[in-house]
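One structure below.
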Amino acid sequence: CHLIHYLRLSHHLIVLNYLICTFDKLKSVSSEDINITDAVFDGVEVRVFEPPAKADEELKRSVVYIHGGGWALASARTSLYNNLCRIMAESLNAVVVSVEYRLVPEVCFPEQFHDALRATKYFLQPDVLARYSVDPSRIAISGDSAGGNLAAAVCQQLSKDEHLTIRPKLQALIYPVLQAFDFNTPSYQQNMNMPVLPRYVMINYWIDYFNGNYDLAHSLLINNHTALDVGQALSFRGRLNWTSLLPSSFKKNYKPVIQTTGKAEIIQQIPALLDVRAVPLLAENETLQLQPKTYILTCENDVLRDDGVMYAKRLENAGVEVTLDHFDDCFHGCMIFTIWPTDFSAGIQTRNSYIKWLDENL
């Protein structure tokens, strides 16, 4: 893929996603248990999973799900996410709406955010919920990894929309990526070379999402963009102080990496690095206070572990009821690996815990 990119034949992410979807894409195959249909919500493609109606049941609960993949890979239609959403719909007897937002490099930030927001707001309209027999008071928004980022950002935006009459009851974030402020949190240092999502890969995903230049990767890696002399970052520093937000068991003996002098031009080139629509962990307390009851799943062997843990602590400090579900022996992305040939026990374990929480709280 990178060779094709180097030869300027195509973007490597287009090639990689083409390979993933070619070998893995499914048609919308319904069964007697779940009806699967593809639809368009305010210009955004979605896949809807509907359990059959029961005679004694009036309205169903619902989950809006946003898939991961670094804002650049995967699809609501691939077997991994199709399988996850089908099992969610069956286990919860819920209508699951899986959002097929546009990907990098076709579009970059903020278009993925806008797609997820538009699809969610469309679904939250009373007449649309009635069409799918959904209870307006029992809706969750959820996502994994980059999808967790979009779910958190959309939930924050919805909470501030004064014209919205229906809002999610819950948010459930699976190993979400929530900040690009500090790439030297303890989990970034501990897991910098961990397979599936090494630190340099996550930094490149951010650069692609922001349509930035790969030449900035090293400066980002050593936190030059948030050095003490970068004025734009000063007001956000207190919102992401991992020395106070993380438990000692996570901090271990790691030390903060704070540059005295850095490169303010990085923020000038990529202002989205400090845009809360892209980095929800940097939201102000007034916004966090408006968030619904929250579930956050984190994995020990994941550079993003501390993103989720810090968000849980900030929400808790803001008065939000939070469940932090941490798995010591699991890795980033594990929850979708539940079907052959990648049917891992870590996937089954995390998926069951996630669905159990939704079942008990939605």
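For all residues, glycine too, the Cβ spot is worked out from N, Cα and C.
As given in TrEMBL:
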{"type": "ACT_SITE", "residues": "S145", "note": "active site"}
{"type": "ACT_SITE", "residues": "D302", "note": "active site"}
{"type": "ACT_SITE", "residues": "H332", "note": "active site"}
{"type": "DOMAIN", "residues": "63-221", "note": "domain 'Alpha/beta hydrolase fold-3'"}
{"type": "DOMAIN", "residues": "275-335", "note": "domain 'Alpha/beta hydrolase fold-3'"}
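In sequence order, G68, G69, G70, I174, Y175, P176, V177, L304, H332, G333 constitute the residues six or more apart from S145 (active site) in its chain with CB-CB distances below 8 Å.
There are 25 other CB atoms within 10 A of the CB of H332 (active site), with all protein chains counted. Annotation for D302 (active site): same-chain Cβ neighbours under 8 Å, separated by at least 6 residues, are Y175, S187, N191, M194, L197, C330, F331, H332. Taken together, the residues in the domain 'Alpha/beta hydrolase fold-3' (63-221) have a mean pLDDT of 96 on the 0 to 100 scale.
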